[in-house]
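Over in TrEMBL, the protein carries these features:
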TRANSMEM  39-60  transmembrane segment
TRANSMEM  66-88  transmembrane segment
TRANSMEM  100-119  transmembrane segment
TRANSMEM  125-145  transmembrane segment
TRANSMEM  152-171  transmembrane segment
TRANSMEM  177-200  transmembrane segment
DOMAIN    245-377  domain 'GGDEF'
Amino acid sequence: MNIEFLEKLSFNNQFEHESEREIVLKRAAADSLASGKRAVPTIMFFEIMMLGMWFLRGGFFSSMEYIAYFIAYTSLLLCSIAAYIILIAVSRDIDHRYHIVEALSVVYDGFLIVWSVYITAVDTYYNGSFSGIIFITILVIVPIVSFVKPVFYMIFHVAGCGLILIIISLYTKEDVLANIINFSVFAIISLISSLTYYGVRINSYKRQVLLEEAAERDALSGLYNRQKLGQMSPMIWQRCIEKKIPLTCVLCDIDDFKQINDNYGHLVGDEWIQTVANVMKQSFQNDLCFRYGGEEFIVILPGRELETAVHLVKTIQTGLKTIQEKPGGIDVTLSFGIYEGQPSVEGENIEKFFSKADALMYQAKRNGKNQYCSECEKDMGYYSL
C-alpha cells in the first residue's frame, strides 16, 4: 500500500466507532478537565490568601518557619498556574488531547500529595503535635476531583501515608501510638472508599456508553442508524473539504424485498437484512456503514475513489453468492448506486451526494437489478454494469 492510501485509511478510521475503553477515558478526561478548571483556580486563590496572610504576619523571611511556608505556598501556586494554563490549552481539543489531561492529573495529584506531606511535616515539627488536616483533605479530594487510575492513586496513597507515619513517629511529642492507630484506620478507610468511588464512576461511564451505543445503532442490522448518519455527515463533509479529498457514497437496496416478505415471511426478510449487513461490514471494514431505512443501506467512504468503491461492491456481491446457509433457502441480489465527488464550501452538500447515489441505484434497478451504476464528478462520466 502506498503512503497516500495509508493516509486516507487513517482518515477513515477517525470516523469509525471508538472502543468502549477509549470513550470511557475521554469521558473521564472531560470530567477531570471540568473539575480541574473549577478546583485549580480555587487552590490558586487559597495560596494567594495564605501568602498574603503570612506576609502580613511579619514577612516571609523573618524565621525558618516562615521560609518553609513561603516555599510551600509559592511552589503550589506556580504549579497550579502551570496546570491551569495546560487545562485551558487542552480544552480546545479534548477529544484528541485527553491523554494530556490524564497525564496532567497524575503529575498534579502526585504533587499535591507530596505538598500536603511537606505541609504536614512543617506543621507537626513547629507545633509539636500532629496536624494532618491538610493531608487528609487532599487525600479525600484528589479521587473526587480528578480521575487518577487506581494504580497511581494507591502509590500516592501508600507513599504519602507512609511518610506521614514517619513524621508522626519523629516529631509528635505525645500520643504517638494513638495518632498512628487513628491515622492508619483513616488511611485504610479512605483507600477503600476511593477505589470504590473509582469503580462506581467507571461503571457509570460504561452505562452511558452502552445507552448511547444502543441509541445510535440499528437494533436489527447492528449498523449505524439514520440518526447517527445525520450527526456524522456534516463533520465528514467538513473534514473532506479541509483535507481536499474526494467523498464517495454507496447506496444499496435489496432487490424485490417486498416479495421476499410476502412469500417467505418477515422473519426471513429480517434475517436477510442481518445477512446483508454482516457482509457489508466485512467488505467495508474501514468505512462507515448505515442502515438508511427499510432494506436500504448507505456507505460513506471519505478519501476513497470510485474504483475502490466499485471493487468493494463486487466483494459484497461475491460474498452473498458464497453464503452457505441462506435465509429461507433463497438467493438475494442487491442493486447499488455509487457516486464520487469533491466536497466544496460552495455548491453541493452531502445530502445531494446521497440523492445522486440514490438516483444511480434506481437506475441500476431499471437496468435489470443485481448490478451497480456509478458516476464520478470529476469527469462527469457515467458507468454501469
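Even glycines carry a Cβ here, placed using N, Cα and C.
Remember, predicted model here, so these are calculated numbers, not experimental data.
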Summarise the domain 'GGDEF' (245-377) as counts of helix, strand and coil residues per DSSP.
62 helix, 34 strand, 37 coil
Sequence-remote partners of the transmembrane segment (125-145) [C-beta within less than 8 Å, at least six residues beyond its ends]:
32, 35-36, 39, 65, 109, 112-113, 115-117, 119, 153, 156-157, 160-161, 164, 167-168, 171-174, 179, 183, 186-187, 190, 194, 197-198
What residues elsewhere in the chain lie close to the transmembrane segment (152-171), defined as a C-beta under 8 angstroms and at least 6 residues from its ends?
106, 109-110, 113-114, 116-117, 120-121, 124-125, 128, 130, 132, 135, 139, 142-143, 179-180, 183-184, 187, 190-191, 194-195, 198
